[in-house]
Amino acid sequence: MLTPKHPGGSCGVQSRRGAAPDGGCGGGAAQSLRSPHQDHLHLPLPQRRHHLEHQGKPHPLRACIVLHLTFVCSRRRRIPPASPKFSAMKPSGKRFVPFDIGSSGGGRRTCWIDLSVDARFRVVESVGEHVEEVSVGDMVLSCFLAHCGDCVDCRSVRSNVCSGVPLGLQEGVMPRDGTSRFTDASGAPVQHFLNVSSFSEYTVVDVTHVVKVAAAMPPEKACLLSCGVSTGVGAAWKVAAVEPKSTVAVFGLGSVGLAVAEGARLQGAGRIIGVDLNPDKFEIGKTFGVTDFVNPMDIGERSISEVIKEMTSGGADYCFECIGLASLMSDAFQSCRPGWGKTIILGVEMHFSPVSINSYEILQGKTIMGSLFGGIKAKTDIPILMNRYLNKTRVESGQPNPDQLGLEHKSSSIQVQAAVCRAGGEPLQIEEVVVAPPKAYEVRIKIICTSLCHSDVTIWSIKDPAGFPKIFGHEAVGVVESVGEHVEEVSVGDMVLPFCLAHCGDCVDCRSVRSNVCTGVPLGLLDGVMPRDGTSRFTDASGAPVQHFLNVSSFSEYTVVDVTRVVKVAAAMPPEKACLLSCGVSTGVGAAWKAAAVEPKSTVAIFGLGSVGLAVAQGARLQGAGRIIGVDLNPDKFEIGKKFGITDFVNPKDIGERSVSEVIKEMTGGGADYCFECIGLASLMQDAFQSCRPGWGKTIILGLEMHLSPMSISTMEILQGKSIIGSLLGGIKPKTDIPILMNRYLNKELHLDEFITHEVGFHDINKAFELLMAGKSLRCIIWMDR
């Protein structure tokens, strides 16, 4: 296992200088069974020639520990100097110092501390009042993260960031009374570090930060579990929940990175790719499960993400960033697989810079998440890790189940009317275009009605000559007019919904419950051509090709769509209601149902109450959310939102100098469980992230950033167990999930009628743009025959 020869960081705090450290102490899960009194203990903290308070009696819920072995962690260099903290100086000789473990409201007693360095373990020397779970003489680990066992976080499987005993990583004092247990020779206080301060022969720690060590556990091995190794192993086990046979990429092979590899190996990962500038790390990494190695100095002009995507045929299932560099966090995010790829951040950015995320990438189903201490709950999970070390166990693997889909008739080209956009931001023009017959695996559809979505407006407003001429529209319903070869699941005359997202049913993504981004038929959302042969089915009067949009192009009387993007409509379903399910409403309802999996009685905040935001509210209501907070600048949206499940409303104009996140934290007692960003603004994405709860809060991004700007997030916040998730179509798999939503509408569980605020004829299509951009409509139905 790891030895002091290969030190690395671990707590989620990294070094500013020197060799690049690796990080991680993050948010996760497990249960706690102890009472509040049993879970409180403190350990004393003296250092070399520094005196401790000379008052004599221990604090309640604290214990004094003799420290005879500690490891250097790169985290200690991250904190800018403010006042003295302990450094790793070798003690000289023996001395006894009167030590006050402190008092938080009871009597006092004196502890005499032996400042010798003969032994090789940490032993409880004395305890304060109410400490019952450890006794004098017990060997213990002191962990920087508390585990009281009684707060909402400790009781939940979703968080390991104890809120019962405050985190206070940089405060330099004991958590309960805000004072230090150390004084130097002059009597001046000396700050604690990360609630432990182990570079001292004795230290004082809250009992919630202490775990008993198994009798058979070698002390030097147990020491590793108090931070770095637990962070890495826990990140793979608790935070990412790495699946058997999956592909893992680890950025930075210090102690934490190697521990991630070990955790991924124990979880049964099929391939573990290490990324490091040190060529010696590959041989070292093999010991911990690393199977492949990438040295950025050896890949020429290619980026790391290009290399990893090539090695893994599209991206790794899990990417772990263990260094603490914003640029490397971005590389890790770009290296993970669309559909279900997770990027796990294990260290605070060493320059405290935010990490930039492309909203288009996160919308492809990727997740970026962080954790403190690898999601480990000290008192329940550390004993498991000790047992796994002693038993030398390994997890074996399993495999997911597949779904299957099967998929003739040719016709000639037809001349029809279409609303063509010739340049970004210009009104659409009704023109004659020719629609080619469907090729193999394609369906030509006569559009009955369509509606305008914000995604149409976002791309329409971009003044990029290469993107035009184009036929917009992707939310529609129509009737199959003709089909190409190998089309079997739909027939001429069937009413169908076209979708921007494919669902072939046979690729690894379609077979998995983790992704809805089909890789069997390329995504190519903005390519402007058919996915299989890369050509357009539209030509204008001059014979020049006209681009498709989002694989649908419903602002045309007829369109051609790949059969993997078509779903049959239930006979009883009104076409204008069915139309809404081909994008906006499904995206919102699906985000609450599939992407976030909103839990009953939870708290939800929705940023932007347009059609998608209101659909999120409806999805959260159907999932049983206890409180649904809407955030919008339009005061009328509260009354509208109540129909869809909104219980509370925040108008940023009405909260004075306070930020939206401050208001939501106050309303929810710390932050919402789920925050949904439904506008597509980087600043609002950041507000949503700041408004979600530490420990388990999820932020779900549902819109492409309207200016194509990246969003910036604080690594300090994400390390508290928060996560950011994006999804296309709300995680909906069209062919299996849309029929469920249609049934829920027909059973009067899902409301659709209330979304339709306006209806216009095809020739008035530009009016639909005006209504939506003025904020006057939710959905405007555009009828092709009017």
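Cβ from N, Cα, C; glycine included.
Taken from TrEMBL, the feature region 'Disordered' covers 1-36.
The domain 'Alcohol dehydrogenase-like N-terminal' annotation in TrEMBL covers 123-213 (among others).
In the domain 'Alcohol dehydrogenase-like C-terminal' (256-380), helix, strand and coil residues by DSSP number 49 helix, 25 strand, 51 coil. Annotated domain 'Alcohol dehydrogenase-like C-terminal' per TrEMBL: 256-380 (among others), in sequence order.
Summarising the annotation, TrEMBL assigns domain 'Alcohol dehydrogenase-like N-terminal' to 441-569 (among others).
Broken down with DSSP, the domain 'Alcohol dehydrogenase-like C-terminal' (612-738) shows 52 helix, 25 strand, 50 coil. Feature annotation from TrEMBL assigns domain 'Alcohol dehydrogenase-like C-terminal' to 612-738 (among others).
The stretch from 123-213, 256-380, 612-738 that makes the most Cβ contacts under 8 Å with the domain 'Alcohol dehydrogenase-like N-terminal' (441-569) is 612-738. The helix, strand and coil residue counts that DSSP assigns across the domain 'Alcohol dehydrogenase-like N-terminal' (441-569) are 17 helix, 39 strand, 73 coil.
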